[in-house]
């Protein structure tokens, strides 16, 4: 599953910064310190009691027929399951939620049918116990269940999705989303990933609707009782888990091709938009053979469909053979889609198709190993996109999008290990987060680098071949990779997956004749400053070291398996710099001695450090400042060295960090001064790029131009604001339509410095937009508006019919991230509308995202208490960990502000008095 990203500017605004060395939490008041500890890990919720399904009866095959009613939003179902009774019993326990069973019976093979005499629903555990009047003996038989259910509006299970036909009529499709534990809302089943079976699916649907499932259609015949209805029968699936089953009934067009391996690939789009499926089709057709060659295992099904669903909570879902997507994660309009949308579609397609092998063919044994599915797919999607689109420089973007995001979250006391023991279904949603996805991907990237591509591929093939159509645990993958590489994979990786956090490597150097002696030491990196506990955790850290002699290649690779280590680099001249973590691949932060850092800084200015190393160096320094280990002013000075920077991703990371700082300083009376700093840093690159593409520019130039103009416009850069207003006016009047890549920065700029008329025009553009991408683009910037009454108007709009349910979150989040007043207004709005919002998103990851985006920007101690108190009286079980992380962040923001605000202010005033020369 691909979790839909928040707006890029929001996705990484994780503010959790803390105080200085050694007396930890020095600048927190005593009450704040108590509060931070009371919000700490000890407060994690107790695990709910939970038992997996009994093993006495298990399915071999599900024969399932469903008849959805697209007007009354109900469905009828008939299940005939070939089952194996392994141990004599007089009851069958299955998963079942929001379903009413009408009749149930079991017929032992060659014997008479036994009717169930009771259905005992355990709603809390989402189970049903079917009781039989006599004992079911060991052997095989057929379990028959007739049932009815509701096509709900919660975007989970078998649900309804609203769409508008080209003629403007509102209709509904019936679609599914079963991961993690919602197949049980569509049919009674053994809804656990390790209980695999084959499926024979039939759908009874109106004859003018498209009906799709995991496999190809093998029969389509008139339904006896109604000439307007047909029964569509699909081929039998391979052995698979319930969470990967899918069906869709609705109106769609499609484009199709065959991959070079002969697999039929189709992309289904809303009616009239088949053209918008072509880009994803091209990516999918290139991706399937890439994975087949990489894993050396063929794609196991005859077809794969990719389909855009109007109302969809996640970004996409990897159902075997029928992958479902948000419209914005699949559809690309050649004229109206921006470069970042193309890139997103390529990554999401790459992610979901990787799951067809890694997750679907071989499936995790239980949700504890979810990270393996998601972390792996989140890593290999980049490998695949790099293969299809080398011009995207996608691995540098990985560091900014995934690696640093994971480190921000993982530095908190309320983080969690990659591998989390999961019991009750309500706990599963909590771990669909940046640790499972982004830290998971980052440690697999580090592992791949440590092993080397050849042995990594060999190990992957061994793993997929050994466990195909079965289930596996993390240890099974380590064993395969260990056998392929001969390296101590399990020992190394257990230090990264079974304990939370990551190390800070402190390094100092000494020149000894012609050699450089490095002294390395590792300590856990904490958002609140130096680790102060006893028994500091240790990691086995693959470390690479490069020098200015050859910045792109490692001079030395070592495995740091103890707290302290001395390393000798042979033949390094005194004037050469030395850098750890070549390519920012190792999942750790580095703190250099002053002398080492000084020698690296010219490499930023003259670009002799590779882009990903410039990015990593700046990001490490920013995090050290947030944690109070160095001064924020030191980082601002380093940021000014990026004046010649040409790389989009380096600017993107710099922009994120300045955004975090701006949000923090919005709590002070010198917010305008930091905006002046932003303008000073970004204007030279803004002038170099200009507004219009130049001949020979590519994908990354388009991304950079949008980023820089948006940053300058938001900060109120006069020339940028004037040009944005001029172009916006021409766009609205139809004189000169804005290119897709310029729309976000222009919309943001005019709204931030606009009035009620500007907002009305934006809402009108939203209503007129035919593409969901354009609607989302507008929704994400509406929060930039500054006046209290307009902010209220935007918040009301967020819950209106105009905004799709899954997109409300980014509108409210945009308001919270837009301004100090917006933050307060968004939080009040959430409290006032909690019942409606919780009812809409309960139990899903969207509720966590909503909370996080809305409160993480606060920087006042008492707000942490207020947030905690609100959620104590309004529980949101699947978001408990997120709430704890937000409270921790708020207190750490407050500490950062107390610690550094005055020195930052003085520095900015001093700059104003004597501006630096470039």
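These residue numbers are counts, starting from 1, taken along the chain as shown.
Every residue, even glycine, has its Cβ placed from backbone N, Cα and C.
The annotation active site, proton acceptor is assigned in TrEMBL to 352.
Look at TrEMBL and you will find 351, 355, 374 tagged as Zn(2+) binding site.
Taken from TrEMBL, the feature domain 'Aminopeptidase N-like N-terminal' covers 59-244.
Residues annotated as domain 'Peptidase M1 membrane alanine aminopeptidase' in TrEMBL: 279-496.
The annotation domain 'ERAP1-like C-terminal' is assigned in TrEMBL to 577-890.
Residues or ranges marked as site 'Transition state stabilizer' in TrEMBL: 437. The number of other CB atoms found within 10 A of the CB of residue 437 (site 'Transition state stabilizer'), across every protein chain shown, is 26.
Taking CA atoms as the reference points, residue 437 (site 'Transition state stabilizer') and residue 352 (active site, proton acceptor) are 13 Å apart.
Neighbour counts of Cβ atoms within 10 Å were compared for the recorded positions 352, 374, and the top value is held by 352. Averaged over the domain 'ERAP1-like C-terminal' (577-890), the predicted model reaches a pLDDT of 95.
Scoring each of the binding-site residues (351, 355) by how many neighbouring Cβ atoms lie within 10 Å, the top position goes to 351.
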